[in-house]
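The structure under discussion appears below in the form of structure tokens.
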Amino acid sequence: RTCPYAQRARLIIAAKGISADLVNVDLNKKPDHFFDLNPYGEVPVVLHNGGHVYESLIAAEYLEEAFPDPPLFAKEALVRANERIYFNHATK
């Protein structure tokens with residue numbers, strides 16, 4: 001079973017065609033070093049350019065900003081808001 005929060009990151013990585021190594025973490029047996037990446041021990045954690053980002057929505061925004069092409073959302077504000085609503089429902 002995949003965590004819905006980690007699924008957000010996976011969906012964005014797939015939609016944007018980002019080359020990534022996906023690592024599954026056993027949420028019942030998290031390795032100690034995982035807490036160095038996220039003090040809360042939650043997924044996802046995105047490692048990129050020597051840094052790391054956690055919290056699923058912040059990670060999603062980071063991936064959109066770090067990999068702008070292709071854009072994940074439309075340019076028009078109302079269309080973009082509706083896309084985010086759909087995305088939010090799809091990843092709950």
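The backbone N, Cα and C atoms fix where each Cβ goes, glycine too.
According to Swiss-Prot, the domain 'GST N-terminal' annotation covers 1-71. The active site, nucleophile annotation in Swiss-Prot covers Cys3. Residues annotated as glutathione binding site in Swiss-Prot, with similarity to another entry given as evidence: Lys30, Val43, Glu55, Ser56.
Feature annotations (Swiss-Prot) mapped to structure.
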residue : record                   : Cβ contacts under 8 Å, 6 or more apart
Cys3    : active site, nucleophile : Leu27, Val43, Pro44
Lys30   : glutathione binding site : Gly41
Glu55   : glutathione binding site : Glu42
Ser56   : glutathione binding site : Tyr5, Ala6, Arg8, Ala9, Pro44, Thr91
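Secondary structure from DSSP puts Lys30 (glutathione binding site) in coil. DSSP assigns Cys3 (active site, nucleophile) to coil, not to a helix or a strand.
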